[in-house]
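Novice: The structure under discussion is supplied below as structure tokens; questions concerning it will follow.
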Amino acid sequence: YGWFQWLLLGSCGAVYAVCALSTTTLSFVLPAAECDFMLSSSDKGRLTATPLIGMCVGSYFWGNLADARGRKKAIVGALLLDACAAFLSSVVQSFPAFLACRFFSGFGIIGATGLIFPYFGDFLSLRHRDVMLCRLEVFWTIGTILLPGIAWLIIQDPRFNLTAMDADFQYKSWRVFVAACGLPSLLVVLLLMPFPESPRYLLHSNKPEQALVVLQRIFRVNTKLEEKDFPVESMMCASEEGEEEEVVSADTNGNETKAPLTWSARWHAFWLRKKLLVTPPYIGLLVLCCFVDFGLMFSYYTLMMWFPDLFERFSQFSSLYPGVSAGVCEVSANVSRSEIDGRPDCPQVIDDKVYIHTLIVALSCLPTALWVGLTINMVGKKLMLVMMLISSGLAALGLNLVRSSLENLLLSCVFEAIVSCTEAVLFCVICEIFPTKVAATAMAVTVMSGRVGAIVGNVVFGALVDQHCIVPIYMFGSLLISSGMLCIILPKSTRPERPQ
């Protein structure tokens, strides 16, 4: 443990920040592209749900690819697909084509989001794993902080409206913003390329010689000694079934090395991993983690994507009814009614307060992200998960009580600060309670369940926000609180104690 892990934290953190940037891009596209695509609230719900459908399809695909072919390869492929989809979505002119491109953007970015934790965790000992993994959450917060800044610099600047108003091909500032949010996915691939494949994955893939080379490299970076000074000469390589171990030499002559697995052997190993995942106690733990992430993302992702639009509704309400105080649901109902009645001018410029309020909400997550990384070992992952889920559920229920834009902003900050770090703690739990050979798949299935929750949340919120927004808000709170209650039964770890 040393400089290598800290350098890897910087690169993996940059990847995770890009994941946040790509995942939340549409939160500013909702109000900015409203006029170009003539979006209703239901259309906005469909728009935010479409990349989530891509995430559901992609998470299982990337999880299996990572277990079969390697963590790093899957992460790089996922980032490249996200960048291509972002660039393409910035130029397509029809709403259905834009939806299709955002589907593939979600399909790609979920691979990097779900796999960066198992990849980084494989380079860490149990002593440092929880703290370092939670430090990744700081980078997610940085990504959400950068988003409103990039949006304000590009969307509000008329110089980025690159086409005339009546031209057939439109490339307005919000399209430039979408393309700009895809560029970092390419840049972080360059940051990740110098780092090796996970040594733990290599060991479980019957490649002990390659795993030893990786560990020698880590030793050299951390100690400044030569690789020949590394005291380990051979490694213990578990069999496919994990029931016995054998010594595999890693000498320079290549003695006792194993032949590469055939396709039939890979297929057999694939089904062995799946069989392990659906047998007790892992199947029960997987169902529990899936339910928790479903409730978490049903609430968190929906509100995160709709916060800029809700702030814009408060701004419009203030201009329509100066000096009148109202809650979230009243504001949404009155603004939507005025849109139905037909206001003469479609709003082309988002109020600056929307960017400022979104930035404040993102900044509120930074102290919590730092606090989680410092205290997770003292408090404990399970207790922290229970506390965060229940308190964020209470904050979500409080949205029904706000009476002004300021109160809405303050409660949004409280909710976002707590709930933004909760999934990171859940990921730490998953890395601990599932064996290495199925950890990536378990993570992928859990993430997929979370994205299903986010899809349902966005569709429900988009359909009900105008007239019955009190219903989804109560759903947010009750799901978070019930998830927190269920986390009480999580075990500390199911992994056997390793001999000293």
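Any Cβ shown, glycine's included, is placed from N, Cα and C.
Positions annotated as domain 'Major facilitator superfamily (MFS) profile' by TrEMBL: 8-495. Residues or ranges marked as transmembrane segment in TrEMBL: 7-33, 45-62, 74-91, 97-120, 132-154, 174-195, 282-303, 354-376, 383-403, 409-430, 442-465, 471-490.
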Novice: Let me check one thing: do the transmembrane segment (354-376) and the transmembrane segment (471-490) come into contact, meaning three or more Cβ pairs under 8 Å with sequence separation of at least 6?
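Specialist: Contact between the transmembrane segment (354-376) and the transmembrane segment (471-490): absent.
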Novice: Using a Cβ distance cut-off of under 8 Å, indicate which of 97-120, 132-154, 174-195, 282-303 has the most pairs with the transmembrane segment (7-33).
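Specialist: It is 132-154, which has the most Cβ pairs under 8 Å.
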Novice: Any chance the transmembrane segment (442-465) and the transmembrane segment (132-154) have 3 or more Cβ pairs under 8 A, given the pairs are 6 or more apart in sequence?
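Specialist: Result for the transmembrane segment (442-465) with the transmembrane segment (132-154) is no.
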Novice: Would you say the transmembrane segment (409-430) and the transmembrane segment (132-154) are touching, if the rule is that at least three C-beta pairs must lie under 8 angstroms and be 6 or more residues apart?
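Specialist: The transmembrane segment (409-430) and the transmembrane segment (132-154): touching, yes.
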Novice: Using a Cβ cut-off under 8 Å, which residues of the same chain at least 6 positions beyond either end of the transmembrane segment (409-430) come close to it?
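Specialist: Cβ under 8 Å, 6 or more out: 117, 129-130, 133-134, 136-137, 140-141, 144, 289, 292-293, 296-297, 299-300, 303-304, 307, 311, 357, 360-362, 364-365, 367-369, 372, 376, 381-382, 384-385, 388-389, 391-392, 395-396, 398-399, 402, 439, 442-443, 446, 450, 480, 490.
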Novice: How does the model score the domain 'Major facilitator superfamily (MFS) profile' (8-495) in terms of mean pLDDT?
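Specialist: In the predicted model, the domain 'Major facilitator superfamily (MFS) profile' (8-495) has a mean pLDDT of 81.
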